[in-house]
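A quick write-up on the structure given underneath.
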């Protein structure tokens, strides 16, 4: 199995890079992890709704170019389903059982994601109604993926 994160924007903060590297290392016991950072479009300060849609469309095209047909795709979106960690672990396990060898998580940029990206999702998932920086969301997601694998192992990590 391979876990792939497709994200918009470059990670700059050292503490986030270190945290993600730590969880990538921990996850390497269970799965291969690939992180793809895509360039984000520059958004004018007072962008019109049309300009925002054009930006989302361009970013969406770049995202979808990194997603293969055979991948189980989980898109992080505020309107998605919310799960406790145990259920999230089961979602990952079930995708593998159903024959998906790769699970791809998609995190959009500051404007979110295009409708086409959301339509490609096998699952829309939300971490709640809070607004979080998309860079921080990468770290939170990596921890939850690690937690999911630890739950599958019956580890005391999840307590």
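Yeah, the Cβs are placed from backbone N, Cα and C, and that goes for glycine too.
Swiss-Prot annotations:
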- 76, 108, 127, 128, 129, 130, 131, 132: S-adenosyl-L-methionine binding site (BINDING)
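Across 76, 108, 127, 128, 129, 130, 131, 132, which the record gives as binding S-adenosyl-L-methionine, the greatest C-alpha separation is 16 Å. For the binding-site residues 108, 128, counting C-beta atoms within 10 A of each C-beta gives the highest total at 108. For residue 127 (S-adenosyl-L-methionine binding site), the same-chain residues 6+ apart in sequence whose C-beta sits under 8 angstroms from its C-beta are 76, 82, 137, 140, 141, 144. In this structure, the binding-site residues under consideration are 76, 130, 132, and the one with the smallest number of other Cβ atoms within 10 Å of its Cβ is 130.
The number of other Cβ atoms within 10 Å of the Cβ belonging to residue 129 (S-adenosyl-L-methionine binding site), over all protein chains shown, comes to 8. Remark: residue 131 (S-adenosyl-L-methionine binding site) has 78 as non-local neighbours, by Cβ distance under 8 Å and separation of at least 6 in sequence.
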